[in-house]
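S.K.: First, the structure itself, so that you have it in front of you.
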Amino acid sequence: MEHFRNIGIIGRLGSTQVVDTIRRLKRFLLDRHLHVILDEGIAELLPGHGLQVSSRKQLGEVCDMVVVVGGDGSMLGAARALARYKVPVLGINRGSLGFLTDIRPDELETRVAEVLDGQYTVESRFLLETQVRRKLEPIGQGDALNDVVLHPGKSTRMIEFELYIDGQFVCSQKSDGLIVSTPTGSTAYALSAGGPIMHPKLDAIVIVPMYPHTLSSRPIVVAGNSELKIVVSPKMDIYPQVSCDGQNHFTCSPGDIVTISKKPQRLQLIHPLDHNYYEVCRTKLGWGSRLGGGS
């Protein structure tokens, strides 16, 4: 008996390798007599596929599982669209790093079969939601699985802002920006800026200054339920941006307020049974092996 009957497929656009992998996946799923639904974006690259085509909203509503073929960027986009529907998501890596996409293309059939047969675990990952307000009126909002970043945009000048956590003033800062990251995003941009690696099961948020003018400004780890408020200095004459996962962007004006908090809905991420977070870090980040040559 199949654990999943209606399988959605999302793929990264502009890659022939992704298209080839999706064709393999489609054949494999159809051979198991499953109902396969293609995301409308990737369907155009598969002429004559003969399958149902749906929007991501519809995939979330009708699918038992969605398979994302691509890299971490593809998974980030899918996560933001699908988290609200609680549909579990499985990743096949066709990118460079693959922190979120576990399955290698060469093991596609074997690994997907294991998942279909019930040999998998589901890990819950929380997202952040952010809103930009101008004179109390919302002008932009978005979600992020990795991080919300305040940055100068096209300017090379520093940003001035104030940070509040749960209504309490923390600091005023002059820097290149601020990264607010989930545990999932702690191995991404936040890591490059000197932030700590956080296990994805942690209920915490890390706040990482980007090249702060004050050297004592260090990363801060706060409770996952914290509510953050960033007040962009009204004295500035530049217009910084807020980016969600580096994919969605909003332009701020001096005096704007950026709020960031945990999103109620979570991503349900499927892993093979032998998934090992520390092995992923060791492989992707180039950590050393055990003494004596062991892995």
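Heads up, the Cβ atoms here are built off N, Cα and C, so glycines get one too.
Per Swiss-Prot, the feature active site, proton acceptor maps to D72; the stated evidence is sequence analysis. What Swiss-Prot records for D72, G73, N146, D147, R157, K174, D176, T187, A188, Y189, A190, L191, S192, Q247 is NAD(+) binding site, and it gives sequence analysis as the kind of evidence.
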S.K.: Tell me the Cβ contacts of R157 (NAD(+) binding site) under 8 Å, same chain only and six or more apart in sequence, or just say none.
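M.R.: Listed in sequence order, they are I238.
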S.K.: Where S192 (NAD(+) binding site) and D72 (active site, proton acceptor) are concerned, what is their Cα separation in Å, rounded?
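M.R.: Cα-Cα distance, S192 (NAD(+) binding site) to D72 (active site, proton acceptor): 16 Å.
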S.K.: Sort out for me which one of D72, D176 has the most neighbouring CB atoms within 10 A, since those are the recorded positions we care about.
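M.R.: Sorting the candidates by Cβ neighbours within 10 Å, the top entry is D72.
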S.K.: Give me the count of other Cβ atoms within 10 A of the Cβ belonging to A188 (NAD(+) binding site).
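M.R.: I get 23 for this one.
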S.K.: Among all protein chains shown, how many Cβ atoms are found within 10 Å of the Cβ of S192 (NAD(+) binding site), not counting that one?
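M.R.: Around the Cβ of S192 (NAD(+) binding site), 11 other Cβ atoms lie within 10 Å.
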S.K.: Would you kindly give the Cα-Cα distance separating D72 (active site, proton acceptor) and A190 (NAD(+) binding site), rounded to the nearest Å?
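M.R.: Pair distance, Cα basis, whole Å: 15 Å.
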S.K.: When you look at D72, G73, N146, D147, R157, K174, D176, T187, A188, Y189, A190, L191, S192, Q247, which the record names as binding NAD(+), what is the longest CA to CA distance in angstrom?
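M.R.: Binding-site diameter by Cα atoms for NAD(+): 31 Å.
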S.K.: Measuring Cα to Cα, how many angstrom lie between D176 (NAD(+) binding site) and D72 (active site, proton acceptor)?
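M.R.: About 25 Å separate the Cα atoms of these two residues.
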S.K.: Just to be sure I understand the packing, how many Cβ atoms besides its own are within 10 Å of the Cβ of N146 (NAD(+) binding site)?
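M.R.: N146 (NAD(+) binding site) is surrounded by 30 other Cβ atoms within 10 Å.
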